[in-house]
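J.: Pasting the relevant annotations from Swiss-Prot:
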BINDING   Asp18, Glu20, Asp221  Mg(2+) binding site
BINDING   Ser144, Ser145, Lys194  substrate binding site
Amino acid sequence: MTTTAKTDDIPIDTVILDIEGTVCPITFVKDTLFPYFIEKLPSILDKFQYPLSNTSASSDDQVLNILKQLPDNITKSSESIYKHFKNLVDQDIKDPILKSLQGLIWKQGYENNELQAPIYQDSVEFIESFPTKSSTNNKIYIYSSGSIKAQILLFGHVKSTTTTTTTTTTITNEVIDLNPKLNGYFDITTAGFKNQSNSYKKILQEINKSSTPKSVLFLSDNINEVNAAIEAGMKSYIVIRPGNPPIDDDDDGNDDKINHKIIYSLDELDL
């Protein structure tokens, strides 16, 4: 039997959501987005002449302008550029040039429906319903290590779901845009690293909640992020989803997850 997660003391009117492992399968980025980027990269690189140092970047060619930021020894051939980016992806290195190029290629994939974000149905329903659940104008924000541009793309192209009853199965082919339901976005460039309490204090300041941090709930699958949010004064729960890795001890080596509220679906929230 599922136990509804109740909040205490000050009512919660603001929820901040992590993405991977919280509202979206943790495998989506590594099993879908990263391979899509690597698959499309050769055809993108084949559009240009090499070495790129001899090629003029036009103001409207975003890809070429990004590639021109690479050192000359990398841009001497399409093969060397491909090898460079693949190495960064394989090692999960958060390189700004890589992220810029990934963002452009993913944007094309989302726009032609080759990519759709598999947001959990309970998360879709929560995002659609929570803002209008009371007259106090409840708010939802996103905080992810992925860029804000990538966050907006993801929530703007949410995969439709299949609804099954005892007698019928309804399949919708529409792509859902959840961005109108969201009040803002934060990433590591605008708020800071997610395992540091100062990042959450900065968010509280940005959303005018510094004086009432207990009215803000942060949801994440990462215990260190949850601890950092709590240290900043927020309420925070651990979210466990299928496929998520086991919850490790925190950065101090403490197995303190037993002291945290844990939910397995946003349906369990009683806000």
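Here the Cβ of each residue, glycine as well, is placed from N, Cα and C on the backbone.
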J.: Using Cβ-Cβ distances, find the residues under 8 Å from Glu20 (Mg(2+) binding site) that belong to the same chain and are at least 6 apart in sequence, listing them in sequence order.
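T.: Spatial neighbours, sequence-distant, of Glu20 (Mg(2+) binding site): Ile26, Phe28, Val29, Ser144, Asp221.
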J.: List the other residues in this chain whose Cβ sits within 8 Å of the Cβ centroid of the Mg(2+) site residues Asp18, Glu20, Asp221, in sequence order.
T.: Ile19, Gly21, Thr22, Val23, Cys24, Ile26, Ser144, Ser220, Asn222, Glu225, Val239, Asn244
J.: At a 10 Å cut-off from the C-beta of Lys194 (substrate binding site), count the other C-beta atoms across all protein chains.
T.: 22
J.: Long-range same-chain neighbours of Ser145 (substrate binding site), Cβ under 8 Å, sequence gap at least 6?
T.: Lys94, Asp187, Ile188, Lys194
J.: Relative to the mean position of the Cβ atoms of Ser144, Ser145, Lys194, the recorded substrate site, which additional same-chain residues have Cβ within 8 Å?
T.: Asp18, Ile19, Tyr143, Gly146, Asp187, Ile188, Glu225
J.: Would you count the other C-beta atoms found within 10 angstroms of the C-beta of Asp221 (Mg(2+) binding site) for me?
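T.: Taking all protein chains shown, Asp221 (Mg(2+) binding site) has 20 Cβ neighbours within 10 Å.
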